[in-house]
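Q: The structure follows.
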Amino acid sequence: MDPGNWSQVTEFIILGFPHLQGVQAYLFVLLLLIYVTTVLGNLLIFLVVRLDSRLHMPMYHLVSALSLLELGYTAATIPKMLSDLLREEKTISFSGCLLQIYFFHSLGAAECYLLTAMAYDRYLAICRPLHYPTLMTPALCAKIAIGCWLGGLAGPVAEISLVSRLPFCGPNRIQHIFCDFPPVLSLACTDTSINVLVDFVINSCKILATLLLIVSSYVQVIRTVLRIPSAAGRRKAFSTCASHLTVVLIFYGSVLFMYVRLRESYSLDYDRALAVLYSVLTPFLNPFIYSFRNKDIKEAVRRQFTRSGILG
């Protein structure tokens with residue numbers, strides 16, 4: 001297209017769920033409740049781990065880092081989604097859209113790395129218990145958490161740079177619930193095959209590589225646990241991995257189908273449903289998975305509430 005015949009789009013309109021226009025108020029209340037619960041639940045786990053000395057162990061340091069990460073991950077999309085549910089014009093500036101994509105993908109990448117680190121922690125604890133205290137030290141945990149954050153923040157820079165150079169001349173309606181690479185690329189006024197390929201390669205390397213490391217860690221864990229002679233010992237060993245495995249299955253199950261695919265066309269309703277799963281429901285479920293399935297965290301929460309006088 002001749003550059004002189006188009007004007008650059010300065011803002012986008014996020015359509016969200018156009019088939020649910022009549023229940024926007026109900027959706028707002030539901031999403032607000034989910035978001036408040038997500039923030040309070042993850043904040044509670046983070047603070048309890050930091051305040052209770054009995055939880056000052058590598059596994060729980062990583063759990064608290066994941067809870068802090070979820071706070072940022074949900075803040076990248078849900079507040080804007082809540083605002084859009086109350087507005088007639090669901091607009092977002094071009095730069096704001098790119099920023100939302102950047103933080104959503106960078107924090108999502110950091111979560112992949114952190115879940116991988118948690119799998120490695122379980123591998124060391126179960127497969128190399130005698131060396132665990134010297135290998136997985138508090139200092140190493142802090143370095144791992146910082147490394148996951150920095151690695152995540154560096155991840156989408158190349159993709160964002162490529163998208164920022166694309167011409168957008170209309171239409172400007174994003175067929176999604178927030179700004180993301182596939183729906184934004186579909187609006188560009190030029191061939192985006194290079195962008196799609198780069199997006200596919202980066203996401204494949206990031207998601208599949210971390211998933212492979214998680215699977216390899218748990219293969220070793222399962223082999224070790226099956227050698228434990230007592231059934232009670234096997235149950236105890238598996239129970240320390242159950243929460244992490246549940247989060248991994250939910251998170252990776254959705255992002256694999258969403259991002260590891262080499263195509264420009266996509267099912268709108270299918271992608272919206274997946275987006276709700278990994279951007280809203282997974283962070284919402286994490287505090288429940290880790291608190292309800294973990295006796296140490298439940299007891300620590302009870303102790304903190306007792307000390308504060310909430311439980312009397």
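First residue shown is number 1, and so on along the chain.
Cβ coordinates come from backbone N, Cα and C, glycine included.
Heads up, here are the entries from TrEMBL:
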DOMAIN    41-290  domain 'G-protein coupled receptors family 1 profile'
TRANSMEM  25-48  transmembrane segment
TRANSMEM  60-79  transmembrane segment
TRANSMEM  99-120  transmembrane segment
TRANSMEM  140-158  transmembrane segment
TRANSMEM  207-226  transmembrane segment
TRANSMEM  238-260  transmembrane segment
TRANSMEM  272-292  transmembrane segment
Q: With a Cβ cut-off under 8 Å, give me the same-chain residues at least six positions beyond the ends of the transmembrane segment (140-158) that come close to it.
A: 58, 61-62, 65, 69, 101-102, 105-114, 117, 198, 202, 206
Q: Report, as numbers and ranges, which residues of the same chain sit near the transmembrane segment (238-260): CB under 8 Å and 6 or more residues beyond its ends.
A: 59, 66, 108, 111, 115, 118-119, 122, 125-126, 199-200, 203-204, 207-208, 211, 214, 218, 221, 225, 271, 274-275, 277-278, 281-282, 285-286, 289-290, 293-294
Q: Who are the long-range neighbours of the transmembrane segment (60-79) in its own chain, taking Cβ under 8 Å and residues 6 or more past its ends?
A: 31, 35, 38-39, 42-43, 45-46, 49-50, 100, 103-104, 107-108, 110-111, 114-115, 117-118, 121, 138, 141-142, 144-145, 148-149, 177-178, 247, 279-280, 283, 286-287, 290, 296-297
Q: Under an 8 Å Cβ to Cβ limit, what residues of the same chain, 6 or more beyond the ends of the transmembrane segment (272-292), are close to it?
A: 17, 31, 34-35, 37-38, 41-42, 44-45, 63, 66-67, 70, 73-74, 77-78, 104, 108, 176-178, 180, 243, 246-247, 250-251, 254-255, 257-258, 298, 301
Q: Please average pLDDT over the domain 'G-protein coupled receptors family 1 profile' (41-290) for the predicted structure.
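A: Across the domain 'G-protein coupled receptors family 1 profile' (41-290), the average pLDDT comes out at 88.
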